[in-house]
Amino acid sequence: MSLLERDKRSIWHPFTPLKGSPEPLPLVRAEGVWLYTEDGRKILDAISSWWVNLHGHSHPYIADAVVKQARTLEHVIFAGFTHEPAVRLAERLLQILPNGFSKVFYSDNGSTAVEVALKMAMQYWYNAGVHHKKKIVALDGAYHGDTFGAMSVGERSPFNAPFDDYLFEVEFLPFPACYHPSCCAGKRLSPAACGQVATLLSRFEQLAQSGEVAAFIYEPLVQGASGMRMYSAEILDQLLHIAQKYDIICIADEVMTGFGRTGRLFASEYCLHKPDIICLSKGLTGGTMALGVTACTDRIVEPFRQEDIMKTFFHGHSFTANPLACAAANASLDLLLQPQCLSRIAAIAQAHLDFEAHIREHRRVRQVRCMGTIFALEIETTQQTHYFNEARHHLYTYFLDKGILLRPLGNVVYILPPYVIAPAELQMVYDAIEVMLNELGAPSDTARNNAPAQQ
Ligand SMILES: *Cc1c(COP(=O)(O)O)cnc(C)c1O
């Protein structure tokens, strides 16, 4: 039986309809930005395998670190025990994180990092004996993961409709539609959009004034899953300023933006006001192993530091601080912090800006957005939402046939490459996108379409 037949019998793939989906591609290996298929093709991974890969696939330095760790201490219960890889990683993260964070709590992935952050914030007020702060505030279009707490603070999209009745109540603020620092000066956006920002701020202030808001959770500067939507650090700073004025815990979900994606190590570095809690995962191990981190400031830790056993944070996972994952993360950090890697990040950011300038006026382009190594292009379309869910699949296979892995979100084609991508490889991706736009022809009328993004 072929691998595909065996897969079809036994596997349920993520975010994949069981009927009508294209067959998965059997891979035999991967190296650098290239994925090698069973039938001898190679595919350029232009989205870092769902935004996780930083240094290319099967990186020998990370592989060696994992192998060495596997032969030394593969795993141990993390309640009552500790080990060098976990302590070293925590020390290093606390050094590079953009605030005086004081503790690291380990978990398994981005969703669990968010769950831990939410539970920490809720129990912070509980332990402090404050019972009127129960509301959580998030942004429209947010994506924070697929577990229940994470779904609750995320956009109520068609994807979690079956669970709507089970999600806790959250106050959603309108998304700050403009993204470029100059837009509020009227350079890039209509005044209406800037008016939206004023509405957003007063809405938040109003909520905050009630004294009932426990925490504010946000993806700093870029909302990934909702279509790489970007907003300015100035606006985020104003939101954080309001939150801090009213003693609201700020949770930065940097699961996607962390580790250099936005051009700096963390997106929160672009803001003056810093979060109290930060969530990390995806790039943490360079994309090699599953690992989540929730770091918090000393202020958050304080009400947990009590004799009363009932003030304990009763949360943990079987594989908390898995030594192999921590070893991979330490190795990935070694690579990330090298000058060569940081200059590759800057070079990718510049290449994106150059391509933005080149493609911005294309008749099929509605908007181009760049933030560090993230490039997103919204296709001008006249079709209905429904069409675009199909176009998305169409574009996905279109690019795959050309040997490039791109996975559009609705009508947004984005590039989020591993940092080791060579200039010529990046150019291949730009060229493929430009050819695709040319092949689309002219939009037939000016009707607007707001297709929901799809992961
Ligand atoms: C992917 C993502 C998550 C969820 O991470 P998983 O590891 O997939 O559970 C949470 N928040 C953001 C911003 C993400 O992009």
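Yeah, the Cβs are placed from backbone N, Cα and C, and that goes for glycine too.
Within Asp45, Asp165, Asp247, Asp253, the residue that TrEMBL lists together with Gly110, Ser111, His317, Ser318 for binding pyridoxal 5'-phosphate is Asp253.
Ser111 (pyridoxal 5'-phosphate binding site) and Arg407 (substrate binding site) are 21 Å apart (CA-CA, integer value).
In this structure, His317 (pyridoxal 5'-phosphate binding site) belongs to neither helix nor strand by DSSP; it is coil. Here the Cα atom of Trp50 (substrate binding site) is found 23 Å from that of His317 (pyridoxal 5'-phosphate binding site). Candidate binding-site residues: Gly110, Gly316. Fewest other C-beta atoms within 10 angstroms, Gly316. Across the structure, Asp253 (pyridoxal 5'-phosphate binding site) and Tyr143 (substrate binding site) are spaced 9 Å apart at their Cα atoms.
Spread of the pyridoxal 5'-phosphate binding residues is 23 Å (greatest Cα-Cα distance among Gly110, Ser111, Asp253, His317, Ser318). For ligand 1, the nearby binding-site residues are Gly110, Ser111, Asp253; that is, of Gly110, Ser111, Asp253, Gly316, His317, Ser318, these have a C-beta under 6 Å from one of its atoms. Our reading of the substrate binding annotation (Trp50, Tyr143, Lys282, Gly316, Arg407) yields a largest Cα to Cα distance of 33 angstrom.
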